[in-house]
């Protein structure tokens, strides 16, 4: 049997208990609610895709990020922490990217999906790419060319003070630029509806891009 002193030593103190609770509290990310119904983006993005994308795929990234952060906080050494970097990047990026993506979209009937609802951004796009149609063509071409899974972005380059089209692989978050518009080109974002025809998905998604939200991001980034 354990001695009274040994049992006391093994009993969690207020300090260790508080530290454990702090670790758990600091690593609890949650799935954000969509600002519209699952069927609100039809016919451009189906209800089935939106429901699976949000409740299954994004939720998996949230769960993975929470698990990775908790393991990182409990890691006993640098080697263990380094081993968790891939999981943190993949799941953290998935959570960041999708949280941005949902607010990046709006029902086609909403006035915020009009290019004219983003006066400063539209002026910058036209000044950089010549026209909105030229911008969309360039964006769709570069995004469709992503091999495997990834994202297409309209980003603001703080160094050059210009808008640029860039892509990232897998769930890598956009770190080199401030994201203004992001489009998920993983198959789970479009395959049930558009099969392997990426260009059809990319053409359709511009009907549900929330330009008012993109305007807000651009104004904040370019100040």
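Backbone N, Cα and C define each Cβ position, glycine as well.
Computed from a predicted structure; not experimentally measured.
What TrEMBL records for 53, 98, 184, 188 is Mn(2+) binding site.
Note on the domain 'Manganese/iron superoxide dismutase N-terminal' (29-106): mean pLDDT across this stretch is 97. Look at TrEMBL and you will find 29-106 tagged as domain 'Manganese/iron superoxide dismutase N-terminal'.
The annotation domain 'Manganese/iron superoxide dismutase C-terminal' is assigned in TrEMBL to 120-217. Mapped onto DSSP helix, strand and coil, the domain 'Manganese/iron superoxide dismutase C-terminal' (120-217) counts 48 helix, 24 strand, 26 coil.
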Exercise for the section: Rank the binding-site residues 53, 98, 188 by the number of other Cβ atoms within 10 Å of each Cβ, and give the residue at the low end. Expected result: 188
Problem - Residues close to Mn(2+) site centre defined by 53, 98, 184, 188, Cβ within 8 Å - result: 54, 57, 58, 101, 186, 189
Handout entry: Cβ-Cβ neighbours of residue 184 (Mn(2+) binding site) (radius 10 Å)
Key = 24
Fill in the blank from the handout: Per DSSP, the domain 'Manganese/iron superoxide dismutase N-terminal' (29-106) contains 53 helix, 1 strand, 24 coil
